Every structure is written in structure tokens, then in C-alpha cells.
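Enquirer: Just dropping this structure here.
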Amino acid sequence: MANMIESQEFGKGDFVLLDQLTKEAFMDNLKLRFQRGRIYTYIGEVVVSVNPYKSMNIYTPEYVKDYKGREFWERPPHIYALADAAYKTMKRYLKDTCIVISGESGAGKTEASKIIMNYIASITNVSHRSEIDRVTGILLKSNVILETFGNAKTTRNDNSSRFGKYMDMNFDFKGDPIGGHINKYLLEKSRVVHQQKGERNFHSFYQLLLGSTEQTLNALHLKRDPTAYTYTNQGETNNMKSIDDKRTFKEMSGALKSVGFSHDEQQTLFNLLAVVLHLGQLEFVEEGQKVRIQNKEVVNYIASLIDSNAASTEEALLTRVVAARGEVINKIHSKEDACFARDAFAKAIYERAFLWIVERINGIIEVKLDVHRYGKSTVIGVLDIYGFEIFDNNSFEQFCINYCNEKLQQLFIELVLKQEQEEYLREGITWQNVEYFNNCVICDLVEQSHKGIIAILDEACLNVGTVTDQMFLEAMDKKLKEHEHYTSRRLVPKDKDLQHDRDFRIIHYAGSVTYSVIGFMEKNKDQLFQDFKRLLFQSSNPVIKDMWPEGQQSVKEVTKRPLTAGTLFKNSMIQLVEKLASKAPYYVRCIKPNEIKSPIQFDDKRCLHQVEYLGLMENVRVRRAGFANRQPYQRFLQRYKMLSSYTWPNHQCRSDKEAVTALIKDIRFDHDVAYGNTKVFIRTPNTLVTLEEKRSELIPHIIVLLQKMWRGANARRRYRRTVAIYKIMNRYRRYKMRCYLLEMNRRFANIKRMKDLGKSVQWAVPPKVLISLAQQMKLMHARWRAKYLIKSVPKDQWPAIQMKCAAYDALHNKRQGWLRPRKWEGNYLASMSDNASLASVFLTSVDKLRSKHGFRDVIFTAHVRKVNKHNKSEDRAIMVTDKLIFKLDPAKGYKPMHGVPLNKITGLSISSGTDQLLIIHLEGHDDLVTCIHKTTPQADDRVPEAVGRILRLVKTELRSELRVNVVQQAQVKLGGKSKSISVDQQNNASTNFRKVSNTMLMLVTCPT
Ligand SMILES: Nc1ncnc2c1ncn2[C@@H]1O[C@H](COP(=O)(O)OP(=O)(O)O)[C@@H](O)[C@H]1O
Ligand SMILES: [Mg+2]
């Protein structure tokens, strides 16, 4: 009922919720809702429907979806909710249900029944399975056919059902439709031959005349003109705008075909309609004692259309065969008899055709499944029966129709009260009675044996001898004069509205209706001469023959008197009511807002009248006297548990009932509530409304809570995912690392046994994270390998190797020929092989210098050609010791000219060629620019040795690295100026530096 609170402007969605139950309040609510386009309102589970007289956009698939599987109070009032409830009950409890639609003619019953069937068809056939499609398709299409043949325009309703219809839909245990059955009740066949002003015959005639092809009409000998036929022109309303006969004819013949009527069957139906129209055209003329047919060609048409011959047809129309005392004689009709017989024939043909159509449809949709295999099928029945009717002239048909409505009202009273009472009993709740008008007494007036109107009518019809309608009226007056609901002029002489010897009045639950007795007897007898039955049975058209099996009876056969129309109808009504009473009923109460089919007018008087006779106020009262609302505990909790901390979010009680009790106590509503066995009963609507209001107040908080939780959950999920991603990444990285390391491990496993100690082993491409590690490992491997290689070298050779390594670092790939194998001697000037003549002189000088400067070792000595700042070249010697580097003059007994501490050396420069240029850059001095010469053997390449030794010396003594420039043109500093030196090697040249320019020197030397 949330919606009811939401939509205050639309009034109350359930009359039970009215603050005060008065006529005015009820009508105001009904009117308000009608004016606001809300045509449905509940009384509990009864749907009150007001005919909108305009098409409403509330039957779309979206609406179907909205109501599917929902409870009444979950959505705004709609007939779909009722259809769904019926379906749910049927499916859940495997219980047969029925939907009874009542209301007066034009109130919208037939529309409602179609809406319900469509709803059920669309909720059951979601998967479009062919068998379900077939069944629901036929059920829906058969409506079109039945409306064509069974509906007509009356002054009340352009599409008034002139027969009662009760349609069963069968479902299997899964809730899928598997078949159906249609019961029809009393077709108003008098309409075939007579229509009142402003009315029409059944739609079928007009559809045939206006909708069929020229060819068809010709074959039927018909003209496209309803005004040309007696049976279709009496109402003088043949070309109604609102009834599109042409279109519906197409629809109808399409429906006939798709439901399963063969071409011949359809043709036969059209033939029979034509026969009826032709019958109406017959003109009888009296000729002396005899009666003859003026327009004989019509007889020929009829004969050909029923596949008979003209002679027998004419005979059947003009005479009747009677059997008297074993003899058969032919009795000639009077003109009056002939007319009567003709009309009876026309009505009978039409009625039989209609009956045949219904049976044919039933044959097609009959449940063919084996009950033992598929289990019991359950049923939803939809009753759409003619509504209560008052015309200017009310005859036997209206009498039957209104009696039918009395019976249904009776059922409504019984079931609605019974159900309610049973529920209270079931739930163990005390209950007090509500006063209501029980129309049982009117039903009795009609149907009681001996004393009832039908019984009196039958008695009159049974009488041999001429009994007139007036005599029947007299009999009623006599027998029923005490009855509260019966009057006539004889009983109330002052009532001028009642005509003497013609009218009687019944005070129905829905109002007083004056009936004219004229025709009652004849219609009740419903006589058709045997001659016609025989004629049709003898037809060579098998369909027609099939319709008239009793035509085979011999004339002489004595048959039991058939039951009268009244009695047949009464029996069928009693049966119907029994059938309905055995099912769980749902009610749609239709109200007609005005007499002029207006979508806006709300005729207060008429509506109030309907509300009164439908007993809607009583209905509300019954509902309210008990409890306005009841809900199973579990459902109640589900809906309202947020109202109390005992139950939110989940209760801790032993049962739902206990939890509901705690909740209700908590919000202080226990004075207005009763606790049944399975349901909680709420007495006043106000309580329910308050509950709903409180609930709506809390809903936003709950939504926020849900949003919060959702967002939290979402964030947590995202977080967990991220963590997982990192974990996976980590694991994967580690896996890659492990793979790499294992792989490298594998490749280097035998390293010690490898000849090259793993030098040629291919290093795998490391994962990114291991790039620097791999570099370090390569270094480690190189070191290890070096150490391993060195291990075999004696310790005293290590310094030599270290020097060579230093030379390697500085010269490899830079200076030509540095690796030429030769022994590094170091102190060449002290060598007898190298410096035979002056070695001893040199050694004396060294001794002197050692004692003066206190150095330990002489690292390298050589004769050199040296250039000074004036570009002058001179022969000198250099001596590198562990403390100082000396320049000596060999010509003067190796007299020292200069001694520079080791730490003043800033770098070395040599050329990339094999010449012996050796430049020692000094801090605070001119660079020592020399070229080694006078070696033995000649032109021995000693520069690499000098470089290796000096580098190693600086490293061990000073713990520092020297820069070595290996260049084409060396840059030097002489006398504070920068000069560049290039080298020119010439055979047999004596080594010398030459000035090229102020900043350029050239070393000329012979190649080594
Ligand atoms: N729910 C509805 N929506 C639109 N029009 C409706 C509706 N119910 C009834 N009508 C209109 O009222 C007319 C009469 O309704 P109908 O169902 O034939 O009445 P009933 O069967 O009670 O005599 C319909 O032909 C249609 O025009
Ligand atoms: Mg109807």
C-alpha cells in the first residue's frame, strides 16, 4: 500500500482505508479516482472497476512485468494484481480458482475478461513454447469468434454479450496452460428475428454483409446492404461508426482459420447466416384456405444453401407432419403459423450454429493430456456473463439474465462472507457478524419448485389447451401475491406504471424491473417443428447434418416432452454456481459511470445505485468489521522489520510470530492488532497507514545504509583485487627470478671442469629486476675466474701480472701492439745487456740518490729523447722510483737534473701507434715530453711497460688511479703553453722532436 500513501491525490486505493465509511466518502473516492484516470480500486482483494470509456495505456508489457508475481498491496490497484493472485493461488496451492466478473450491461465485464486472459497468457508464455502458444492463442482468438456470433449492439453497449460465457483454462502442475473449455449460457436468440429501436442483430450478419467479398455475397445470393433485410433493419442503426464490421470480419475469419475451422466449416457458417437472412425475406400470402410463398426464388436460395431441394424446403416451411393415433398426416400452416414457424426456424438455425461453434472450439482446446501421467490439471475459470439489464421492454430474456445476476450476487455474498469467516476460524480469531441484504429470497422467488416463477411458467406451458400469457400472469398473481419482491397491476392497482394483464414487477437486489409477460410462454416452450429438424438432418452438407442429430427421429416416435427453456436455464445456473463455489473465487465488480459512454461523465446517481446493489459498502464493512488487513507473519516482518530494533536487521526470537509481537509492542500498536495462527490481523486501516508511513520514512536511511554497505563492499573488493594482483605479480616475479637463477645455476654447474671456466657460457637474458644483479654476477664470475687462473701463478709473479693488468686496462683496444710478448725488465739502465758501457756509472748515481732521497725501489729507467720548452731536443734518462721521478743526464754520469715527487704526476699521454712517445704530465712543472730510445735490442717497445709500471706504482703507493690518454695528437704543457705533438715514423730516422709551428711539435722516429 506504499503507493496509496504516495498517491494521496488519487484518493484511497482500497476502500477499506477510508477514514469514515459513509456513502458520501465512498462515492467521493470512487469519483475522484475515476476523474484522475484510476479506474481500479480495491476492497481487500475485490477489484472495483469503473468503465473508462477510453483506451487506457495500462495494459502494456511493462505493466505485466510490474504485476507479475506481486502481492495486491505492492503495486497500485490493477486488475492484473487480481489475475496474478488467481494464478498464484492456482499454482502455489494447486487449487482451482475462478474470477467472477459482474456488473451491468456495458460496465466492462467482457473487456475485463479479455484483459485477464491476455495477462495470464503473457505471464505463462514467456518462453513462447509452441504448445502453450497454441492453447493461449486459441483461447484468445476464440473470443473474437464468440463475440462475432454472440455479441450485438444494444442501447446499453455497442458490444453487448448476448450470451453468458464461462471459460476454464487448464494448467499443468508447472503452471503452463494445457487446454480449456468454454461453457455458454442462454443465447438471446429472439434478437435474430427482432431488434428494438437503436439496437442491432448479432454482429455476424453485418460483418458478413459488409466485410465479405463480392464473390462470397453472390454465392450466398446476398446484397451488400443490411437495410435490405428484415432481420437486420429493424433497429435502424445499420452503419454504426463505432463498429467496424469490415475490419472485424477479416479478424474473425482469420481467427476461424487459425483456431482450426476448415474452409468447408467456415463456408457452412456463412451459408447458415445467409439462410437466416433469406428466411426473414420470405413473404407468405393467403390464397383461400391455402398459404403460399410469394417470393419463390428465396426458397431456392435457402434450399441450395442448406444443400437440400426446393420442394422439401417449401414443404417444411408451409406444412407440418403430425402423428395422430398411429397415422401420419400433413397439416397445412395458417399464415400466422407459417410466420411463427419461419422465425422459430431462423432462431434455431442461429442458436444451433452458435452452439456448434462453441463445441467445435472446445474440441480443439480440450485437455488431451493423460491425467495419470501429468497429474491433475488445475483450472482458472473466468466468468463473463450478461449483466443486470433493464430495458424499456423487458421480456423472458431479461428475466433470465437478471435471475442469473441474482444467483451470482448470492454466490458473492456466500463466498465473501464464508471465506472471511473461515479465515478467522482458521486463524483462531473471534468474529462478529455484519448485517447485509441477503438476496436469497429473490432467488427463491424465481427458482423455487412449485411456487417459483419458473415453476409457474412451466405449469402453464404444460397445460393442454390454449393457455395465454395473461393466464400465466394471473397464476403468478395468485401464487405470489404475498411475496415482498413481486407485484403487478392487479396487486397494486394504483401503480399506473404497470399495465393491466401484461406487466409484473420483480424487486431485484439491483432494482425493480418491470417485465412484460408477452412471449414468455412461447419462449419458454421454445418450439421448433420436427419438419425443420428433419430437413436439416437430411442436408447433404455433413456439417449441417451434424448439427441436427435429432432430425433422424421418426415422426411416429413418441418422445418425452423436452425441458423448457426456463428450466434448462435454471439448471444451468445452479450448476454454474456449484462449479464456482468449489473454486477459490476472485471478484471483479464492474461499474458503468454513465449512460452515454462518456470518458469524463460520472453520473452520481447511477453509480451510487450500482454501488448499492452490488453490495460494495457491505463488502467494505465486512472487511473492516473484522480486520482491515492481514498478512502472514513472515511477510509482515519482511516489510516492516526496520521499524523496531528487535527485528532489524534480523530478529532473535524463536518464531516470526514472536518477532511480530515484539515489533508491534515496541511501536505501541498492540491495541489494534490480533495475532492469528499464521497471520497478524490489523484492525483499523489507520494503523496500516501509519506503519506504511513509518516505513517510508525509514526507507531512505536503509537505502543510504545499503549504498554505504555496497560502496564499502565494492571498495573492499577492489582492495582485495589489488592486493591479489600485487601478490600474483610478486609471485610471478619471484618465479621468473628463480627460473633465471636456476637456469644460470644449470649453465654454470660444471664451471670448474670447463676449459675456459665458463667464459663461453651464454648468459640468459635476465628479468628486468635482475639486470643489475646479473651484471654483478658477471663481475663476480670474472673475478672468480681471474682468481682461479691466478691461483696457478707463483706469488712472486703476481706484481708483474698486476702491472700487465693495469696496462691492459689502459691500453687494450687503444694502443697498437701493446701485447707483443716480451720480458718486462724495468730497470734497463742497470742492465748489462741493455746499457753495458754505463750500467755501473748509473748504479753509482742511483746509490747516491737513494741515500739522499731515501727511496726503496727503482721501478723503471730508460734513455729518452726529451724536448724542452724551447723546442730543443736532448738526450736524457728517466728513472721512476717509489718516491720520486728523476730526470738524469747520461752524458754527465747520470747526474740528476730534476726530481719530482710521485704525487705530482697527473697523467700520462702516449700515442696510439707503436712509437715510443711517453709524456708524463706533472703538476706545477712542465710536462715530461720524451721518446724512449737507445734500447737493446733496438726499437724495443717499452712504452706499454712504462705505462703498466707507473700505473701500478701510483696505485700501490698512492692508492689512486692515473688517467692515460692514448691519442693521435697529444696535448702537452711546455713553458706554460699548450702544444700538440703528432708522430711521424720514418725508416732510419734518428729520434727527434721538431717544431712545426709555435703550438705544434712533430716527433720523428723510426718504426718499432
Ligand atoms: N478497461 C477498459 N478500457 C477501455 N475501454 C473499456 C474498458 N472496459 C470497457 N470499455 C469500453 O466499454 C465497452 C463495453 O464494455 P463491455 O466489456 O463490452 O461491457 P459488458 O461486457 O459489461 O457489457 C467496451 O466496448 C469498451 O468500449
Ligand atoms: Mg459483455
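Note that Cβ sites are derived from N, Cα and C of the backbone, with glycine treated the same way.
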Enquirer: Of the ranges 297-319, 573-595, 757-779, which one does TrEMBL list as region 'Actin-binding'?
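Expert: When 297-319, 573-595, 757-779 are checked in TrEMBL, region 'Actin-binding' belongs to 573-595.
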Enquirer: Please indicate, using numbers and ranges, the residues of the same chain that are 6 or more beyond the region 'Actin-binding' (573-595) and have a C-beta under 8 Å from a C-beta there.
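Expert: Same-chain residues near the region 'Actin-binding' (573-595) but 6 or more away: 30, 34, 45-51, 53, 79, 82, 85-86, 89-90, 95-109, 112, 116, 156, 166, 183, 185, 379, 381, 383, 387, 403-404, 407-408, 410-412, 414-416, 419, 447, 601-603, 606-607, 610-611, 614, 616.
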Enquirer: When you average the Cβ positions of Gly103, Glu104, Ser105, Gly106, Ala107, Gly108, Lys109, Thr110 for the ATP site, which other residues in that chain have a Cβ within 8 Å of that mean position?
Expert: Asn51, Asn157, Gly387, Cys590, Lys592
Enquirer: For the region 'Actin-binding' (573-595), would you mind checking the mean pLDDT of the predicted model?
Expert: 92
Enquirer: Could you tally the C-beta atoms, other than its own, that fall within 10 angstroms of the C-beta of Gly103 (ATP binding site)?
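Expert: Looking across every protein chain shown, the total is 24.
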Enquirer: Which binding-site residues from the set Gly103, Glu104, Lys109, Thr110 have a C-beta atom lying less than 6 Å away from ligand 2?
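Expert: Going through Gly103, Glu104, Lys109, Thr110 in sequence order, those close to ligand 2 turn out to be Lys109, Thr110.
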Enquirer: So how many other Cβ atoms are close to Gly106 (ATP binding site), meaning within 10 Å of its Cβ?
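Expert: The answer is 23.
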Enquirer: Work out, from DSSP, the number of helix, strand and coil residues along the region 'Actin-binding' (573-595).
Expert: 9 helix, 8 strand, 6 coil
